[in-house]
Amino acid sequence: MYGEWGMGNILMMFHVYLVQGFRSEHGPVKDFSFERSSRSMLERSEQQIRAASSLEELLQIAHSEDWKLWRCRLKLKSLASMDSRSASHRSTRFAATFYDTETLKVIDEEWQRTQCSPRETCVEVASELGKTTNTFFKPPCVNVFRCGGCCNEEGVMCMNTSTSYISKQLFEISVPLTSVPELVPVKIANHTGCKCLPTGPRHPYSIIRRSIQTPEEDECPHSKKLCPIDMLWDNTKCKCVLQDETPLPGTEDHSYLQEPTLCGPHMTFDEDRCECVCKAPCPGDLIQHPENCSCFECKESLESCCQKHKIFHPDTCSCEDRCPFHTRTCASRKPACGKHWRFPKETRAQGLYSQENP
């Protein structure tokens, strides 16, 4: 009996050992593969952000869900008031709280001014022409356009792609002085086109410089925490998690920022019109409330029908062309019929008379 019990324990321990060995052999491989793919994805995202050539492109990469809303906020200054609206009306998940539209416009303008492009600059004529030291010009420098500005990738430089030559009239002076200064035409290179071009052989992957982080700042292995669209980075778990599992950073006190809609329960954001619009339209004879999208009143009234030279019918909430035999007075104290509509001859004179005495 003891022999059978001992043999059973040995077999059980051997089974546990095999299971543990399998897990230790295959488990880390799976985790390492996931970590490697995550790191590769983060590096690709970082390269895309580094290569962004405009504010709109950067926002499209960093906030791909809301980049059209960002574009609208940049173009329409009136949408800046969305930040001060209530939580249930025209609130955004990212933009409304953390960024200001005017600040984004300033950043965009600064970005555009620093792009690689021909810029007016001052060059020394003698250095440009390679003249000897016994010859100089007055004025010594001229204004021309040369390529300058920043590129969006490492390993490239702003260089000219097309050049023209402009003529400048200058005084050429030679020493020792043997004659009066001579007026001569001088041709100087003027850059008309610029582009960011590589300065040497390019590596298959761009070199990404990283700063050293102290353990107190971040204990996670990745210095960049870019996640897929439907996920967010969790500093405590050191991984990307679904948005439902963790609040947005800095929005713990603003739960309305995590709402799935941008404009409230009754409205949706129209990307073409760059504004919130009601989800369901009202019937043709009703007016829609701009805030809560409720339907109320008639589109037509006594005054509106009068301006159209028609008759207002409250029972159908519409303006009709059919003119009755008696004159009705509009809110402007002008008759709706008698001048603009045809009716029986025997009542026309009465209608015309009623215009003077409604």
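Backbone N, Cα and C define each Cβ position, glycine as well.
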- Between CYS72, CYS158, CYS220, work out which one Swiss-Prot annotates as bonded to CYS116 by a disulfide. CYS158
- Item | Recorded disulfide counterpart of CYS151 (Swiss-Prot; options CYS196, CYS220, CYS227) | CYS196
- Using the record from Swiss-Prot, pick out the residue from CYS72, CYS194, CYS220 that is joined to CYS147 by a disulfide. CYS194
- Item | Cα separation, CYS151 (disulfide bond) to CYS116 (disulfide bond) (Å, whole number) | 6
- Message: Taking only C-alpha atoms and a 10 A limit, tell me which of CYS151, CYS158, ASN160, ASN292 are near CYS194 (disulfide bond). These are the recorded positions.
- Response: CYS158, ASN160
- Three-state secondary structure, which DSSP defines for CYS194 (disulfide bond): strand
- Message: As a quick check of your reading of DSSP, tell me how many residues in the repeat '1' (227-242) are helical, how many are strand and how many are coil.
- Response: 0 helix, 8 strand, 8 coil
- Name, in the order they occur in the sequence, the residues of the same chain whose CB lies under 8 A from the CB of CYS147 (disulfide bond) and which sit 6 or more residues away. CYS116, SER117, PRO118, ARG119, CYS158, MET159, ASN160, HIS191, CYS194
